[in-house]
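Pulled from Swiss-Prot, these are the features on record:
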type	residues	note
BINDING	L20, N27, K156	xanthine binding site
BINDING	A128, N129, G130, E131, A132	5-phospho-alpha-D-ribose 1-diphosphate binding site
Amino acid sequence: MKRLEEMIKQEGLVLSDQVLKVDSFLNHQVDPTLMWEIAYEFMDRFKDAGITRILTIEAGGIAPAMMTALRLGVPMVYARKTKSLTLNEGTISAEVYSFTKQQTSTITVAEQYLQAGERVLIIDDFLANGEAAFGLAKLVEQAGAEVAGFGIVIEKSFQPGRQKLLDAGFRVESLARIKKLEAGEATFVDPVTV
């Protein structure tokens, strides 16, 4: 997605050869116009997939997931990384390791918000090693639902997440695919025209 790549080039900060900071428009401060465009792109790519629900993980995936749910006209639920007092019965959970935070979390969703038979589109802000993606897929499978695909805003293609998901038989649609982070710059896999 050309506009997303331009935002990454203009406002993204390459902190290392592994870390890209995009908190000025995606995962701290949010650019709603860009999120609306991202949602349109995901809607276009998954319009024939029979999506009945969007699932994401707090917090960076919430904005693009919410806008995509709005575009597709389906509900959105996010997996919580910390269990609150109100989320104490009827839950499904999975362990997820965060590359950015360098810690393992137990992600949780109330069973009532992820039902058997649903076709779930998983949306997330980043794909690196695939840990969060597989954790979310485990939640969907535990619920007896089906993963219809993954919509990734920014994919670090130099890390193994995409290939792991493809090898597991999942559909992966990424809007910006980063080939490398080097010398303060992000280089993309393929120039896009969308």
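Every residue gets a Cβ built from N, Cα and C, even glycine.
Sequence features annotated in Swiss-Prot and their locations in the structure.
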residue : record                                              : Cβ within 10 Å
L20     : xanthine binding site                               : 21
N27     : xanthine binding site                               : 20
A128    : 5-phospho-alpha-D-ribose 1-diphosphate binding site : 24
N129    : 5-phospho-alpha-D-ribose 1-diphosphate binding site : 15
G130    : 5-phospho-alpha-D-ribose 1-diphosphate binding site : 23
E131    : 5-phospho-alpha-D-ribose 1-diphosphate binding site : 18
A132    : 5-phospho-alpha-D-ribose 1-diphosphate binding site : 29
K156    : xanthine binding site                               : 25
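Of all the binding-site residues given, namely L20, N27, K156, those whose Cα is no farther than the 10 Å limit from the Cα of N129 (5-phospho-alpha-D-ribose 1-diphosphate binding site) are K156. As a whole number, the greatest separation of Cα atoms within the xanthine-binding residue list L20, N27, K156 is 16 Å. In this structure the C-alpha atoms belonging to A132 (5-phospho-alpha-D-ribose 1-diphosphate binding site) and K156 (xanthine binding site) are separated by 14 Å.
Looking only at Cα atoms, E131 (5-phospho-alpha-D-ribose 1-diphosphate binding site) sits nearest to K156 among the binding-site residues L20, N27, K156. Put simply, of the binding-site residues L20, N27, K156, the one whose Cα is nearest the Cα of G130 (5-phospho-alpha-D-ribose 1-diphosphate binding site) is K156. When the alpha carbons of N27 (xanthine binding site) and A128 (5-phospho-alpha-D-ribose 1-diphosphate binding site) are compared, the span between them is 15 angstrom. In the three-state DSSP assignment, the secondary structure recorded for K156 (xanthine binding site) is strand.
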